[in-house]
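Working notes for the structure below.
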Amino acid sequence: MVLGVVLLIATTVAAVSENDNTAYIDLPSSSVDEVQQQQQQVNCPQLGDVVRSHVQAAFGADRLVTAGLLRIFFHDCFPQGCDASILLGNEFVGERRKNARETIANQGLQDGALQLIERIRQKVHEDSRCRASVSCADILALATRDAVNLAGGPKYEVPLGRRDSMGPAQDWQIGLLPKPFDSVGTQINSFRNRGFNENDLVALSGAHTVGHARCGAFSDRTNNPGNDGFAWHLKNMCAANKDWKQQLDGTPANFDNRYFNDLREKRGVLTSDVELAKDDSPVKWLVDGFARDENWFKWQFGESMKKLGNLNWRTQNVDGEIRTRSCFTTNSGSFFTTTHVDDLNTPTDDDDDEGLLAAAA
């Protein structure tokens, strides 16, 4: 169930630029009446260069790292704000371990993309100035932006100054993530409850211009293909190979508007995608518009990603920290991880490269 919880969107007064990686930003908490807005400084002169060089290397080894980062970023930000909570490993809760990445919605996050964030943190934190001010949440935001740009997408501004969470999102918060079988009405309400409008919904869905989805993400279509020719194609592919990964549009490594043209041609993969382009959909005009005008789509995507990145800022005064041991554990060591930082040039067969909203493979 989508809960009617509206997260305030922070307004930034400065953002990281190409030549200046020091950013001063006003960070309102979730309750402006309770906590005054405060200014934080990120002092890390080489931050942008370090992030870009690592992302470029990862992208050169596997172009689908863009899809992996987009999914991690969205699944981190949407439940409780961009705080790197999704990166945390296991927490002992009585006899039970809790790991945000083990929930159904977050299963199959791309391991290479997860490793990339930690490798960047290690390099960035070699500089003591950066170690004191650069969070894993900021690194994830910057790396995602750079990967999108390398794939052909926009280079939007990324404000800095986030703090990392002290624990994973709760189950009910993770449950707010959009599902790949949601109707268009459910999607609109889900995004509205997070402060997004219909333009944001359709533009962010356009992240499915990169990546793949496993058969489980669209099983509702293949179980009942009816007279849908493309659903029959998907059914046959999955029947022949249970591990089949279906590309989400015709150019899965390129950030372009092919996704929207495929939707118009009845070649959408996920039910949530197909729903956007139905004749009676209230957002069909946006699908049509983005299909005709790639520049409009890319501009709107950048604006919507900035909005997503500003959800529910966490500061040092509201239970946040800069993780200095690992992006996969809090500084107190309450969390630990089974994720290892291996060579990024060795992609694994287990990587699930689903895009932004393919949340329940």
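Each Cβ is built from the backbone N, Cα and C atoms, and glycine gets one as well.
Among the candidates T186, T209, T222, the residue that TrEMBL names alongside D249, T251, D256 for the Ca(2+) 2 site is T209. TrEMBL lists a disulfide bond between C136 and one candidate from C238, C327; that candidate is C327. The disulfide entry in TrEMBL for C130 points, among C44, C215, to C44. Residues belonging to the domain 'Plant heme peroxidase family profile' (43-330) score a mean pLDDT of 91 in the model. Here the CA atom of S85 (Ca(2+) 1 binding site) lies 31 Å from the CA atom of T251 (Ca(2+) 2 binding site). The binding-site residues in question are S85, T209, T251, and the one with the fewest Cβ neighbours inside 10 Å is T251. Same-chain residues with CB within 8 A of the center of the T209, D249, T251, D256 CB atoms, the Ca(2+) 2 site residues themselves not counted, are V210, G250, P252, N254, F255, N257, R258, Y259, D262.
Within the set of recorded positions C130, P178, C215, D249, C327, the entry lying nearest in space to D83 (Ca(2+) 1 binding site) is C327 (CA atoms). For S85 (Ca(2+) 1 binding site), the disulfide-bonded residues whose C-alpha atoms fall inside a 10 Å radius of its own C-alpha are C77, C327, out of C77, C238, C327.
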